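Listed features, source Swiss-Prot:
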- 1-17: signal peptide (SIGNAL)
- 92-133: region 'Disordered' (REGION)
- 154-214: zinc finger (ZN_FING)
- Cys162, Cys165, His188, Cys191: Zn(2+) 1 binding site (BINDING)
- 323-372: region 'Disordered' (REGION)
- 328-343: compositional bias 'Polar residues' (COMPBIAS)
- 389-409: region 'Disordered' (REGION)
Amino acid sequence: MLMPLGGLLWWWCCCCGWYSCGLCTPAPQMLRHQGLLKCRCRMLFNDLKVFLLRRPPPAPLPMHGDPQLPGVAANNNTLPALGAGGWAGWRGPREAVGRETPPLPPPPPLPPSGDDDWDGPATGPPASLLSSASSDEFCKEKTEDCYSLGSSLDSGMRTPLCRICFQGPEQGELLSPCRCDGSVKCTHQPCLIKWISERGCWSCELCYYKYHVIAISTKNPLQWQAISLTVIEKVQIAAAILGSLFLIASISWLIWSTFSPSAKWQRQDLLFQICYGMYGFMDVVCIGLIIHEGPSVYRIFKRWQAVNQQWKVLNYDKTKDLEDQKSGGRTNLQTSSSAQANLPSAEEEAASPPAREEGPTRAASHPSGPVSQHHCAYTILHILSHLRPHDQRSTQGSGRELVMRVTTV
């Protein structure tokens, strides 16, 4: 290795000496070539430093089962391996794959140089090491974030939270007022009352279970609170109130003018009779307006009542709910069974041929028999079938039967 280096140095000195002697250059350019010689010498020393102090090439990776050499990393792409293999000669002994590496000799001292801005490879870690270290740190941070997210989710599943304010039991007692389960099972009583006051509905919007709430007492009138109303709700309240007042006033005046002896002349006047008709029409309009806006006003009143009254919300009782469902199912089953029991009897009577010897007079003289217990339309059709002539029925065919299905509405 030293022979090519010596030859290179000899060739460089010869070239520089040839030009420095002035054999090929004129005298005025001597100073300039001296400066070039200094620069070239400096570049030569820098190349020598790079050549002598460069990092040794990495050793080949050992196969499975082969003993690993000290100071050689198992994987050059990871931070611990690089620290053990690549940086062992620069930072002293470190652990590599569970073994202690023997101490290596320190690097040779750098030769003096006038170039203060030169940065050799020993002044800092290589770019591959920095990139691998940053990638390892990024993977570690992502792993920690995933672990913290998973632990927070696990803790959230274990700790019950209010489905309205998302707070735990430290904000108050948690109740389960409906059939909902899981993360939407629990809620605080104040949160639920406030939600009811905003919606105006006393049933769950998910499972449609009506909350079991007990009214304790009404607040002091001085403590009553107003609820937020939209423009449409204000118009609905005003329409319902004005319609009710007009309906009360007009009905009162019509009753007085109809039955009062002093208003006898009004009842005979044509103008007042026209007014009676107009007031009657307006009363019908007011009744329709009240019926249309009544549910909205009632919902607003329930919202106001939820805010200005003290309540106690009861927990969901599964056994009681099952009993209520069973009782309701039995009632519906009895109703449907009674309807189905009446249906075959009606079909049998409709399908049975009438007695020919009794004639139409006997059928018409007993309308209060079992036929009258069914629907009115069936009774009329049954009577009409008896009133038809016998020969007309025989010509239409004796194999046809009249079958009717009667359902209750």
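Our numbering is plain: 1 for the first residue shown, then up by one each step along the chain.
Just so it is clear, glycine is given a Cβ too, placed from its N, Cα and C backbone atoms.
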- Around the Zn(2+) 1 site (Cys162, Cys165, His188, Cys191), what further same-chain residues have their C-beta within 8 angstroms of the site's C-beta centre? Arg163, Ile164, Phe166, Gln167, Gln171, Gly172, Leu174, Thr187, Pro190, Leu192
- Under 8 Å by Cβ from Cys162 (Zn(2+) 1 binding site), same chain, sequence gap 6 or more: Gly168, Gln171, Leu174, Cys186, Thr187, His188, Cys191
- Message: List every residue in the same chain as Cys165 (Zn(2+) 1 binding site), at least 6 positions away in sequence, whose Cβ is under 8 Å from its Cβ.
- Response: Gln171, His188, Cys191
- Item | Residue with minimal Cβ packing [other Cβ atoms within 10 Å] among the binding-site residues His188, Cys191 | Cys191
- According to DSSP, which kind of secondary structure is Cys191 (Zn(2+) 1 binding site) found in, if we only use helix, strand and coil? helix
- Task: Over the span of the zinc finger (154-214), count residues by DSSP class, listing helix, strand and coil in order.
- Result: 22 helix, 8 strand, 31 coil
